[in-house]
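Enquirer: Shown below is the structure under consideration.
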Amino acid sequence: METVRIIYVRDNQTLKTVFVDRDGTINRDCPYCHELDDLQIYDDTVGILKHYQGKGYRIIIVTNQSGIGRGYFSMEEFRRFNDGVVNRLLDLGVKVSATYFCPHRPDEGCSCRKPGIGLINEALSDFRVDIGGSLVIGDRDDVDGQLARNLGLPFRIVSH
């Protein structure tokens, strides 16, 4: 298994980008979320994302999904749930350009698992990003905050 991407909107513009965590940041974090019945979007995060989108930022989700590597849910189940998240955000006025996710278990030592920068490197290969004007948003300083520090980017923590 390798880093996987789902690109929803491709563009050729160089844009500042919000790299945002999914579980616990955009939606309620349930153990190995993959059922649409469990999907609960946080309104405050939607407001934050709409703020940045209104200032011209691109929105990209970056998320660790070890439930795939552990066999708790399939790649298809992940995609269905993630599409549900992205579609709900779109209904609420937030356009997500892509999702980059690490399907590996933490003990596999991959280069894509946050707080490593592999997911961001993949995004940089697919999109033209004004990295100096970009930021990371997440709910965990030890993962999302460390990702931001590894990239030299600002970090905005959310808590619910």
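Heads up, the Cβ atoms here are built off N, Cα and C, so glycines get one too.
Here's the feature list from Swiss-Prot:
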BINDING   D21, R22, D23, D29, C30, P31, Y32, T63, N64, Q65, S66, R113, K114  substrate binding site
ACT_SITE  D21  active site, nucleophile
ACT_SITE  D23  active site, proton donor
SITE      T63  site 'Stabilizes the phosphoryl group'
SITE      R113  site 'Contributes to substrate recognition'
SITE      K114  site 'Stabilizes the phosphoryl group'
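Each of the listed features needs to be described in terms of its position in the shown structure.
Expert: Within 10 Å of the C-beta of R113 (site 'Contributes to substrate recognition') we count 22 further C-beta atoms, all protein chains included. The secondary structure of R113 (site 'Contributes to substrate recognition'), as reduced to three states from DSSP, is coil rather than helix or strand.
Cβ-based neighbour count (10 Å, all protein chains) for D21 (substrate binding site) stands at 24.
According to DSSP, D23 (substrate binding site) sits within a strand segment.
Under the DSSP three-state reduction, T63 (site 'Stabilizes the phosphoryl group') is assigned to strand.
With a 10 A radius on its CB, K114 (substrate binding site) counts 25 other CB atoms from all the protein chains.
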Enquirer: What whole-number Å value do you get for the CA-CA distance of C30 (substrate binding site) and T63 (site 'Stabilizes the phosphoryl group')?
Expert: 14
Enquirer: Of T63, N64, S66, the recorded positions given in the record, which has the fewest other CB atoms within 10 A of its CB?
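Expert: Among the recorded positions T63, N64, S66, the sparsest Cβ neighbourhood within 10 Å belongs to S66.
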Enquirer: Suppose we draw a 10 Å sphere around the Cβ of Y32 (substrate binding site). How many other Cβ atoms does it contain, all chains included?
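Expert: The Cβ of Y32 (substrate binding site) has 17 Cβ neighbours within 10 Å.
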Enquirer: Rounded to the nearest Å, what's the C-alpha distance separating S66 (substrate binding site) and R113 (site 'Contributes to substrate recognition')? Just drop the number here, would you?
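Expert: Per the Cα atoms, S66 (substrate binding site) and R113 (site 'Contributes to substrate recognition') stand 9 Å apart.
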Enquirer: How far is it from D23 (substrate binding site) to T63 (site 'Stabilizes the phosphoryl group'), counting Cα to Cα, in Å?
Expert: 8
